[in-house]
Amino acid sequence: MFLKGAKITAIGSYVPARRLTNSDLEQMVDTNDEWIVQRTGIRERRISREDEYTSDLCTAAVLDLMKRYGKSIQDVDMILVATSTPDFPFPSVASILQNRLGIPSTAGAIDMSAACAGFVYALHTAHAYVASGLHRKVLVLGADALSKITDYTDRSTCILFGDGAGAVLVESDEQLDGFAGFHLGSDGSGAHHVYRTGLSRSVNEVELVDTGKLVQNGREVFRWAVRTVPQGVQQVLNNAGISLDQVDWFIPHSANLRMIEPICERLNYPLEQALYSLEYFGNTSAASIPLALDLGIRGGKVLNGQQILLYGFGAGLTHAGQLVKLELAPEVSPPTPL
Ligand code: COA
């Protein structure tokens, strides 16, 4: 049963102009296009300019949303930004956006940290705010500028990551209902498998590598995700009271196509109905799910009323699933090309 009262009414996206191709990476580290495509499915990523930060990516995504759907954000009463790469530890990206976008200073504004699961956590939070009646119009962003914290001498990480932003509006509605089952989780015993050092240099009694860049044990994250996500998807379905064959599109986090394949296989879900943004944008962390959703909308595949299952996973180790039905307003102008 879908709950009453909250719906996704608009979406916008942005990726920086600069492309980093597999052949560019061949000039930087000991790798090759064939290995990268075979092991990850990634061909290109977008890299922000030196003076372009997560707040800038978010701003452009919101401008795309407003232009496409003719939506005002003057009455937004909460801004949620999921990111692991905020411009600063504080002030928040959300506060910067509030001022830059001219959203009234009576709106709440917070950043949320749940790594690659961040967008789904933020969407879930927006739903809770709106369905409870506490807020009426929430701007939700998933955005990351991972290139700023990627070690371009480490071939096992630099081939994966890229930059981007996605934005959606979650609005209240007396009649329509667009959110159903969800499932959240976090297994902090794996916190040392993917991290960037901050004030502390150890977690779980493990001394961390202190490069100031993203560090990961790719194999461990891979194994954990392929084990955890199918179970989590089943929980979302149980929570929603529907079966997997009723799901029109599955949008797992775009970490690596070679992870999405076994996840679909374990679920017995057709890979053709899985949407991802990794082929030309890489792993964009919190942005990967809204980008994949928007690619589906821009391509005419994803339509209002279809059942879409989003599932984010990443550092923490966090994971979050949410079943949604879109109720997008009619487009009044074409999207800004990506
Ligand atoms: N080019 C060529 N060879 C590479 C390479 C690259 N870019 N990166 C690693 N290799 C090598 C390794 O050194 C290793 O060589 P060896 O056998 O001589 O030791 C070999 O390829 C296999 O390495 P392995 O780590 O087993 O590869 P993999 O198939 O597991 O792929 C990742 C590595 C990182 C792509 C993969 O594990 C992954 O995507 N993990 C998930 C990471 C993730 O999602 N992180 C973000 C959190 S959401």
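Please read every residue number as a count from 1 along the shown chain.
Just so you know, glycine gets a Cβ as well, placed from its N, Cα and C.
Since we're looking at a predicted model, the values are computed, not measured.
As stated in TrEMBL, the feature region 'ACP-binding' covers range 254-258 out of the listed 149-153, 169-173, 199-203, 254-258. Residues 39-42, 116, 160, 221-222, 225, 276-279, 281-284, 288-289, 291-292, 313-314 of the same chain lie 6+ residues outside the region 'ACP-binding' (254-258) yet bring a C-beta within less than 8 angstroms of a C-beta in it. Between the candidate active-site residues, His253, Asn283, the densest Cβ environment within 10 Å is the one around His253.
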